[in-house]
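Please read the structure below before turning to the comments.
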């Protein structure tokens, strides 16, 4: 009998039905190419609140020229409509991560903060780590057996490919471009994980010779051996090399693997199913600051003095378990978006609640294998450079992780409003109050209705949101008018989000036309060299809703130097927020935006409660 489970997200419910992965994948549609005129009209609408009228008029003329029958736009559109071009575009998102040359730390890899654990010693740390490892292996068994429930959204099946990319995979640095390797389909798939403690890496086999996974007790015994073999803390933090600028790391990598021992150690890390980082305790933080400190520990490890060298940032999945009870993970973004990672977390957290009933076989276990590195003076210099760069990043990242405890998604639902759209409008209001202007806002929309689909952009800042935020603090406007503008803005956001997940948003299409032009034409069309295009792509607010059953929150860095990264997990009665900015920008401040967001949410709630219900 099929197992059916419904998970409520914001706009539609995701239903999980037991099914075979590959059979289901074949039937998924390809990403559609939206009509050219539709995208041009929607692009102009998106620009209206963010560029001045003169600039907008110039862009309107360029778009009219671009769309002329038989013109450049039509030619590029036809090129895109040849299936192969647009299928390649759905993979472009994946390749864009690999072309990106900034460090993956802060700039690309998201972290996840899990609820604080009640342990504060190595036994508690290792017991928790052992159960977590067993939970991930349980999830892996569903992937291996192709019994992972297939997800449906609004009755339509979703692409499950990303679930099959996160285990036994790793990013490989290059001097100009990176690659990703996945060892799942090897003739002999990996049976080990990597454990790192005190900057030292170990291979831990997690399966018995008969193919059964180790029990929690067996894993615990093995982790004890690792801990006892890595007590000295004077080792070179080889892992910190993975935090450097990609070109620098690519050069250092080529140099590192010239040595046979180093090459074998690196390959063992890359091939492992996932990595577990047993972290040293971080400096004590007050209860108010604890979540923020946990957020930065997940994103970068706290700097070279703390746990930044206790990582291999190229590894797709790294679970972080601190001796002080701080737990979470960081993942390399190229293979997957947030939802598959959160599904994995939800599964593992549920698994860890079960009491252990499995009897541990009394068989001797092989000693975990310590990975050795030969550090030449040149590699030592590369490590020192990576340390310095990491410490600069650590000092530059401004972070605030908070819990908004006044209400959760229950309140917007009681007002018949989409919780996600409600939160996005509060975010627009918070930004406007601080900066006295609106800004281009990115919210990720999943394209998993399509085969190998990744994401497109929900443009949360719209003509309607612009009108609402300007009216909200205007004493000349009556409450009933403000509520009407809010309602309209929320509905416009919801409509754009639904359009985006159905492959009809503008950003992926515009990018496709641009890439097609680069491939086909000698000169780039003027619409892509226009100031408006640069403004539209400068996302001062980069946001993502990552809902989970677990009381966790994802965090990531801003995408522009004068911007913010905002991630949130709306629970029924509270909302977990993570806000980031850069200290090097004088105009942005993470704590200030987090406070403004809290005020905006409360002010909107008050507005709705004080305004008599009218037929809007």
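Cβ from N, Cα, C; glycine included.
The active site, proton acceptor annotation in TrEMBL covers 333. Its Cβ placed at the centre, residue 333 (active site, proton acceptor) has 21 other Cβ atoms within 10 Å.
Within 10 Å of the C-beta atom of residue 409 (CoA binding site) sit 23 other C-beta atoms, taking all shown protein chains into account. Taken from TrEMBL, the feature CoA binding site covers 409, 413, 414, 415, 416, 417, 418, 419, 420, 446, 494, 545.
Here the Cβ of residue 442 ((R)-carnitine binding site) has 23 other Cβ atoms within 10 Å, regardless of which shown protein chain they belong to. Per TrEMBL, the feature (R)-carnitine binding site maps to 442, 444, 455.
Annotated domain 'Choline/carnitine acyltransferase' per TrEMBL: 31-598, in sequence order.
There are 10 other Cβ atoms within 10 Å of the Cβ belonging to residue 414 (CoA binding site). Cα spacing between residue 333 (active site, proton acceptor) and residue 416 (CoA binding site): 34 Å, rounded to the nearest whole number.
Across the residues annotated as binding CoA (409, 413, 414, 415, 416, 417, 418, 419, 420, 446, 494, 545), the two Cα atoms farthest apart lie 26 Å from each other. Cβ contacts within 10 Å of residue 418 (CoA binding site), excluding its own Cβ and spanning all protein chains shown: 21.
All protein chains included, residue 416 (CoA binding site) registers 8 other Cβ atoms within 10 Å of its own Cβ.
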